[in-house]
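**Q** Not my notes, these are from TrEMBL:
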type	residues	note
BINDING	Thr302, Arg333, Glu355, Asn455	L-serine binding site
BINDING	Arg333, Ala334, Glu335, Val348, His349, His350, Phe351, Glu422, Ile423, Ser424, Ser425	ATP binding site
DOMAIN	202-487	domain 'Aminoacyl-transfer RNA synthetases class-II family profile'
SITE	Thr457	site 'Important for serine binding'
Amino acid sequence: MATRIGMVARYGVPALTALKPVARRCSRQRARVYVPSRSSHGARSSLYEHVSEGYSDKPELDMRAVCEETDKVIANVENRKGDLRGDDVRRIVCVWQELQAVRTEISGLEEQKRHISNTVKALVAKNDKKALGDLPEYARALQRGREIRSRLNELHPKETELDQEHYGRALRLPNTSHPDVPVGDESQARVVELVGQKPDFDFKPRGHVELGEELGLIRQRHLAHVSGHRSYYLRGAGARLQTALQNFALDTLQRRGFVPMVVPDMLKGAVFEGCGMQPNAHRSQVYSLDQARFPDLNLAGTGEVGVAGYFMDHAVSWKDLPARTVCSSTCYRAETDTGRETWGLYRVHHFNKVEMFGVTADETGEESARLLQEFISLQKEMFSALELHYRVLDMPTQELGPPAHRKYDIEAWMPGRDGYGEISSGSNCTDYQSRRLNILYEREDGGLQYAHTVNATACAVPRTIIAILETHQTKEGTVRVPRALRPYLGLEVIEAPKYSPLKYIGPNQHSRPPRPAPKTR
């Protein structure tokens, strides 16, 4: 497999000599302002706190690759979306080399300390107590011992400080990019495959909100005072459609050997950070609970985080690889970019999603690439069964996100939008997440090795509902149910319900009905 650049393994002191010097000298004027529990760049690192409190081992970050191929790391960082730049990478290398120099000195002094201790013990054993004071070698040993202790007292806090700065900076590095990944923004996405045909209507197709309201499936109006913007209700056949899609996806995947899992919606920040997300970053998409009452608890934006947390600090048996997991969970996303898709189900604060997650070996370097292709094939199988027209995209560098080595999106044709809309993605994260979260596998000989992780959407319910309603709508305003979904929904056609829609009686309307008169006794 190609050398990993953005994934950060801790190497011991002997490996230091193998590191090539960086082209630019490290600045000696180092910022020494530190805030407890915060990394050097100002953002709190939940993962570093988690490790410092003894809950997990330190992440094994591949600094050999970062130091030896710094120019490649810089190019990869600058091709990605984010605030990291070349100078940040150079600073990461400098801090790492300073840390290794300090550790080398500490190691040498500790060895000297042991030697001096043995020397003193030998002198005490061979000489009378009164005679020891007159021995020059005894006095020299005691003096050197004091000098070493004094120096170690200086170096240990410096090591801790550098260690904190190292992880605060290096944990922000993205994964490597596959050499075939297009470089650039979303406009550079490469269409890998087109599947199915666009529906042909003899009428003007309507959008999912209009269809959903007329069929009593969706409500988004008059909710600002109930649940805020970007929220929604599904009712009647709409609620049944969500359940049907979830069960359809779960059944399909369980038949293929996936183990079902129910995951927590609330997780510690360390798990998010280990997955490559930044819950404490400015304008983060992650909802955080009240820190005064629930310290460091956040709402998951994808089931991937919960499943990764399940495998955190655990090893999977060789015979169980690849370990395929499927979970259905509610996802919460802040969607701080409020200017986009403000109406409808396409971009909402909460939604249900069925997620695939895989843990696989790293013996040849190709296992995770094969598992990603398997996941993409399963996505295509399910979307084709739902009779959708869609395209598969090889996503460019700026759309990968920090943990992804390669990512494919699937976009379905949505006639009401007159365009394609993303309904799923699948990512190969190689060992990026496993090195941060200590996800390993146990070989047949009992040895441990960092696993590779792969994740993919099986069904993001609201967006799949959009595609189904808009694709399978009829001239009469009903929606034809795809054949594969009928056993789960119990319907062949979604029609308007027999009951009447609710009538809004609240304020802020032109013609408001009178309030009830007081009861008379």
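Positions of Cβ are set from backbone N, Cα and C atoms, glycine also.
Here the structure is a predicted model, which means the values were calculated and not measured.
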**Q** How far is it from Glu355 (L-serine binding site) to Glu335 (ATP binding site), counting Cα to Cα, in Å?
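**A** Distance (Cα to Cα, whole Å): 20 Å.
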**Q** Rounded to the nearest Å, what's the C-alpha distance separating Ile423 (ATP binding site) and Thr457 (site 'Important for serine binding')? Just drop the number here, would you?
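**A** Between the alpha carbons of Ile423 (ATP binding site) and Thr457 (site 'Important for serine binding') there are 8 Å.
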**Q** Check the Cα distances from Phe351 (ATP binding site) to each of the recorded positions Arg333, Asn455, Thr457 and keep only the ones within 10 Å.
**A** Arg333
**Q** How far is it from Thr302 (L-serine binding site) to Ser425 (ATP binding site), counting Cα to Cα, in Å?
**A** 12
**Q** In whole Å, how far is Thr457 (site 'Important for serine binding') from His349 (ATP binding site) when you measure between their Cα atoms?
**A** 17
**Q** Just checking a number: largest C-alpha distance across Arg333, Ala334, Glu335, Val348, His349, His350, Phe351, Glu422, Ile423, Ser424, Ser425 for the ATP site, rounded to a whole Å.
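**A** Largest pairwise Cα separation, rounded: 19 Å.
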**Q** On a C-alpha basis, identify the one among Arg333, Asn455, Thr457 that is nearest to Ser425 (ATP binding site); the candidates are the recorded positions.
**A** Thr457
**Q** State the Cα to Cα distance, in Å, between Arg333 (L-serine binding site) and Thr457 (site 'Important for serine binding'), rounded to an integer.
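**A** Checking the Cα atoms of Arg333 (L-serine binding site) and Thr457 (site 'Important for serine binding') gives a distance of 16 Å.
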